[in-house]
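In what follows, a structure is listed as structure tokens, so that the remarks can point back to it.
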Amino acid sequence: ILHRITFYEDKNFQGRSYECSSDCADMSSYLSRCHSCRVERGCFMVYDRSNFMGNQYFMKKGEYSDYMSMMGMSDCIKSVRMIPMHRGNYRMNIYEKENFGGQMHELMDDCENVMDRYRMSNCMSCNVMDGHWLMYEQPMYRGKMMYMRPGEYRNFMNQGMNGMRFMSMRRINDSYY
């Protein structure tokens, strides 16, 4: 198994547990609550609402004995998505406006500040051609984040990210695995 994450009802890996190696849209069918987890292999996005909605958090290999306070989460993990390892190039077009409007720039590496690099004050849509990416609300990979896999994202508002704009983005590459 390339990916494995184990969730526990209570802090410090106590209580009932649930082991997962793929996507799970609704954790509540396995655990009534979740306060700690352990990533043994791979990388995952966790969400504080079911069906991969709500706030998103990136988890790589490690122990999270009290992830809510570690990550500033106000709610338990409700769904989880496995992030497949990508080998090869990374490529994404980012657009100033929704529906691929306004300025466009091609990214092939991490960008810590869209405003500084491209003089773009907003990024409202994107097309991910290659690789898996994390996009952040603030420069320097801070603030709320969103996981982007290959596909067209015409309007971030439709992604349940109302009013969010993305100011930095980084590749989820081998160094996280």
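Positions of Cβ are set from backbone N, Cα and C atoms, glycine also.
What TrEMBL says about a protein is an automatic prediction, not a curated fact.
Annotated domain 'Beta/gamma crystallin 'Greek key'' per TrEMBL: 3-41, 42-84, 131-173, in sequence order.
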Counts by DSSP class (helix H/G/I, strand E/B, coil) across the domain 'Beta/gamma crystallin 'Greek key'' (42-84): 5 helix, 22 strand, 16 coil
Three-state composition of the domain 'Beta/gamma crystallin 'Greek key'' (131-173), taking helix and strand from DSSP: 4 helix, 20 strand, 19 coil
Arithmetic mean of per-residue pLDDT over the domain 'Beta/gamma crystallin 'Greek key'' (3-41): 95
Long-range neighbours of the domain 'Beta/gamma crystallin 'Greek key'' (131-173), counting only residues six or more past its ends (CB under 8 A): 43, 45, 53-58, 81, 83-84, 86, 88-92, 94, 98-100, 107, 109-116, 122-125
